[in-house]
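Listed features, source TrEMBL:
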BINDING   B:ASP33, B:ASP84, B:ASP236  Mg(2+) 3 binding site
BINDING   B:ASP33, B:ASP84  Mg(2+) 4 binding site
BINDING   B:ASP55, B:ASP132  Mg(2+) 1 binding site
BINDING   B:ASP55, B:ASP84  Mg(2+) 2 binding site
BINDING   B:HIS62, B:GLU289, B:TYR352  substrate binding site
BINDING   B:TYR114, B:GLY131, B:ASP132, B:ARG158, B:SER238  ATP binding site
BINDING   B:ASP239  Mg(2+) 5 binding site
DOMAIN    B:31-150  domain 'PurM-like N-terminal'
DOMAIN    B:163-327  domain 'PurM-like C-terminal'
Protein chains: 2
Amino acid sequence: MLDEFARIRLWTGERQRPALLREQGVVIGIGDDAAVVETPPDAAGGAAQWLLAVDTMVETVHFNDATMGDADVGWKALAANVSDIAAMGGVPRHALISVSVPKTWEPARVGRLYDGLYACADHYGVAIVGGDTTSSPAHMVVAVTVTGTVEAGAAISRAGAAPGDAVFVTGPVGMSGAGLHWLLAAAGRGDGQPVPLAAAEADGTAALVAAHRRPLPSVRAARLLASRGTVTSLNDVSDGLASEAWEIAAASGVTLALRESQLPYSGSMTAYAHRRGVDPLEWMLYGGEDYVLLGTIRPDDAEAARAALAAEGLPMYVIGHAEAGAAGVALIRDRGAGGSASRRDEIAKRGYNHFNG
Amino acid sequence: MLDEFARIRLWTGERQRPALLREQGVVIGIGDDAAVVETPPDAAGGAAQWLLAVDTMVETVHFNDATMGDADVGWKALAANVSDIAAMGGVPRHALISVSVPKTWEPARVGRLYDGLYACADHYGVAIVGGDTTSSPAHMVVAVTVTGTVEAGAAISRAGAAPGDAVFVTGPVGMSGAGLHWLLAAAGRGDGQPVPLAAAEADGTAALVAAHRRPLPSVRAARLLASRGTVTSLNDVSDGLASEAWEIAAASGVTLALRESQLPYSGSMTAYAHRRGVDPLEWMLYGGEDYVLLGTIRPDDAEAARAALAAEGLPMYVIGHAEAGAAGVALIRDRGAGGSASRRDEIAKRGYNHFNG
């Protein structure tokens, strides 16, 4: 039987290519009191600023055995943080992992958790440089901290949106929420094991389940957008479009007016919503965990930015504009096909709230 | 009733002096997707390297309601990380906090946890720049990540000890373990609330309880030692002297021979051990959570280093030396007062092990 230290070495030792670690400036990696890293070369050749973010996933709060496999949990725990770095316009660099594992978990489950963490790390070129594995009396908790870098002065906060700016997202929203809905329904018929992806494939919902289990943060889009110098605010959609739009609106002191007809409806999400009699807007506005970017950009650069992202195969949708006025979010809906008058609804801030949820 | 976001703002908003945040290069602090920090000016005027560490404390595994008050937990969670930065010879700079809070906790308890975190942060000049507060189905988990900086190439790993080096510690060991022993005994007679410090004062064990609840990592000693360029390995005593000595021995490929007569016995620890019929060596070697530094230094600089620390009011004790040979730790005990032959015991690696403990 391996002891704790041997297991942790097995999970974390020499898991990443030396070239990746070198590229991220890792001098001393996982295994000493602290990792030692150098500031990696910066795209602009200047002195980079550092970005620091932390996110936590708690068993039974953020996932359960049916909705997520152990490797999915690892992937998503890191992806949520990579997305935070993208939402500042930066490049993710390093990660530190804190895992509290119930004594009832087989060591193989922790191994799979680390498999997912390393798969996501390799996908985004992130060096895992630190970790702390402790036991837990009950449920599993994984907290991930990431570093990133951004050219000095180029980080994009939430606070810069100005009246007239175009509002955009870098991908469809609501797919993760729809995937969770499908998973919870399927779990009710299941055996407590993770619902197999094959079941989703057979039901035409595999893209929704993948969006929920293996989100792909918009790092490349973030870097392309940040390089333009015209993006005035940026958030990632972790808590739902409504909540993130509210955060930008509140931090910037503007109203964000979104146009329903311009929202990027995913076909599989919409089809599944209609099958279940759900308004797809519910998942799009309040579902959360989409990890696309929501931001504002100077209106005269919106189309050029969209074209630049499209040239790289990356989507960008202009979905509204910022207005002067009290902080708030509005949704403009067209009344009908005849071009008749539109309706404007105030959108509540309601989002994913752990204390009330 | 405040919602989650309002509470978190209350716990974390504008808690630190602008001068501290400025000194640590904080451009954007807590509250956006990620913090933005600049590399702070370095003591040597060169390009600093970054240090990154994470540590986790889990309710019922690392503490319980009787042994630690909520503010103590916050203090110690950050202090354990500050100690990791010290153990590399660096300056602690920034912290990110992940807290998972049971729904049964009153919000005031989280407030006290943050009070302890900020008290420790202010004591060490650490800027808290990020946080994630989630709910937990049962026990509380706090994971803290810290950054630090160190002059390029000056970080002190575990791997550099050479035969002939002197082994030193920067303070007494075993006090925290003795304090925990006293607290667990007192808790058995108590009401489930944190055992009051006044009870320890009345019993002459207040220093032991303080060592357990409010450890004071050796940051100043670490910086003075690192500046000499003669320290060949460094660890902080988080898992007990035996375990930390083993880590240095294994990483460096040497035997560390410790001399019992040179170990720094704390008077209050020794007195309490004798009262309880415990061998003080048990706590000194295996107690853990002392957060002093254990290291090796070139023998010709050991006395000068000790004098330099003493001039700053900081203790340093030479407790043995490194020998060529298989990785291992030995304890040399004098047989008696007559200067007769000494005994040499091999010391097992046994330390704090969450999976078996």
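Including glycine, each Cβ sits where the backbone N, Cα and C put it.
Whatever TrEMBL says is automated annotation, not expert-curated.
For B:GLY131 (ATP binding site), the nearest neighbour among the listed binding-site residues (B:HIS62, B:ASP236, B:ASP239, B:GLU289), judged by C-alpha distance, is B:HIS62.
Proximity to chain A, defined as a C-beta distance under 8 Å, is registered for the following binding-site residues out of B:ASP55, B:TYR114, B:ASP239, B:GLU289: B:ASP55. Distance from the CA of B:ARG158 (ATP binding site) to the CA of B:GLU289 (substrate binding site) is 18 Å. DSSP assigns B:ASP132 (Mg(2+) 1 binding site) to a strand segment in the three-state reduction. Counted over every protein chain shown, other Cβ atoms within 10 Å are most numerous around B:ASP84 among the binding-site residues B:ASP55, B:ASP84, B:ASP132, B:ASP236, B:GLU289.
Max Cα-Cα distance over the annotated ATP binders (B:TYR114, B:GLY131, B:ASP132, B:ARG158, B:SER238) is 32 Å. Checked against B:TYR114 (ATP binding site) by C-alpha proximity, the binding-site residues B:ASP84, B:ASP132, B:ASP239 yield B:ASP132 as the nearest. Across the structure, B:ARG158 (ATP binding site) and B:ASP236 (Mg(2+) 3 binding site) are spaced 10 Å apart at their Cα atoms. Cβ neighbour density within 10 Å is lowest for B:HIS62 among the binding-site residues B:HIS62, B:ARG158.
Counting other Cβ atoms within 10 Å of each Cβ, the lowest count among the binding-site residues B:ASP33, B:ASP239 belongs to B:ASP239. With respect to their backbone Cα atoms, B:ASP132 (Mg(2+) 1 binding site) and B:SER238 (ATP binding site) stand 25 Å from each other.
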